Ligand code: NAD
Ligand code: IPM
Ligand code: MN
């Protein structure tokens, strides 16, 4: 097959990790007989520096005409003083919205060989490890509601509004229930329905959708309790469905249970096959350009691209197996390193995974 992929390295460690993911995609292409055209475009702080805007039209056009988008990360202290709409982060929200990528799928899985990197007691994780997925609504909620900053009666004030309509809730609920059908048939809805009106609507709609999935069990947790339960007993979860802001926070929390935020991939999907694939972590300015970043989250995001945008499950499985084997062989970047393991940098980790792909 022939695929066009828009590649958006972005800022900080973005270029470091994307370089490795692109090599992995190329290697998989060679193995399985696919040809990739990579269109590299600007996004985030680097785009602002070069063009005056964080999300140039040429980037959006390329994404809209591609089969998939692979993104590194955006943002950094250099751009923190910019106005809201000029910030690198605004570009990320903008591209998600423009491509209507309302469903952000964030799997959190503990690799057998990374048990030592998990900060929870071994008896909490148990023999079977951990395998949960956070289904985060991505184009609504407090990230996109009306906002304002103003001076009222001489006092500076600001607000953001958490806003959802029933259609936005319904479609993400369907994604969650369908995902649960392919997994352990359990959905935990996370909201703040004891306080927020928007959460009461959210919960009502999720319960309505649940009736179409009688084979799936639905539980509800308030977000504060959910954050606690994730470290108390993460094995109680299968699929977590939640809004944009709560999903952002809970998925970072879940990532650390797997050993590092450098391990967690994501897929952002809309109604069709076009998706954007990015690690859940940020641009990690503290380690940018030092060959220290863990590229696995981005490489696993590329695997999700094969599954979700291309429908190529064998290719995705090949990448996941290669990652697993390299970890089993004891290679670790600094974020997941423990005694007795071999410390490697970003490039070597990428290289090792490419070699395994060829050998599998
Ligand atoms: P971050 O995820 O960038 O970093 C948090 C911590 O995790 C840091 O110590 C970092 O070194 C570490 N880390 C992250 N990714 C890693 C990897 N692959 N390997 C090893 N260690 C890794 O979060 P932050 O520091 O809050 O944000 C930094 C910048 O990134 C901010 O400008 C923020 O807005 C932006 N950000 C962007 C995205 C994105 O582009 N999707 C996501 C989150 C944050
Ligand atoms: C993420 C990030 C983004 C988000 C920011 C950088 C806009 O934290 O992808 O998780 O909050 O969605
Ligand atoms: Mn985040």
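Each position is counted from 1, following the chain as shown.
Cβ atoms are placed via backbone N, Cα and C, with glycine included.
Around the Cβ of residue 284 (NAD(+) binding site), the same chain contributes 12, 13, 73, 293, each under 8 angstroms and 6 or more positions distant in sequence. Residues annotated as NAD(+) binding site in TrEMBL: 76-89, 282-294.
Here TrEMBL flags 96, 106, 136, 224 as substrate binding site. Within 10 Å of the Cβ of residue 224 (substrate binding site) there are 13 other Cβ atoms, across all protein chains.
The Mg(2+) binding site annotation in TrEMBL covers 224, 248, 252. Long-range Cβ neighbours of residue 252 (Mg(2+) binding site) (same chain, at least 6 residues apart, Cβ-Cβ under 8 Å): 261, 280, 281.
Marked as domain 'Isopropylmalate dehydrogenase-like' by TrEMBL: 4-353.
Mapped onto three states, the DSSP output places residue 143 (site 'Important for catalysis') in helix. Taken from TrEMBL, the feature site 'Important for catalysis' covers 143 (among others).
Positions annotated as site 'Important for catalysis' by TrEMBL: 192 (among others). Residues near residue 192 (site 'Important for catalysis') in space but far in sequence (CB under 8 A, at least 6 apart, same chain), listed by position: 199, 222, 223, 224, 246.
Counting other CB atoms no more than 10 Å from each candidate's CB, the binding-site residues 80, 248 peak at 248.
Residues from the recorded positions list (76, 84, 143, 192, 248, 284) with a C-beta closer than 6 Å to any atom of ligand 1: 76, 284. Residues 248, taken from the binding-site residues 76, 84, 88, 248, 292, are distinguished by a CB atom under 6 angstroms from ligand 3. Taking a Cβ cut-off of under 6 Å from any atom of ligand 2, the recorded positions 80, 84, 88, 192, 248, 292 reduce to 248. When pLDDT values are averaged over the domain 'Isopropylmalate dehydrogenase-like' (4-353), the model yields 98.
Long-range Cβ proximity for residue 143 (site 'Important for catalysis'), meaning a same-chain Cβ under 8 A and a gap of 6 or more residues, is found for 93, 160, 244, 245. Recorded residues residue 106 (substrate binding site) and residue 288 (NAD(+) binding site) have their alpha carbons 23 Å apart, per Cα-Cα distance.
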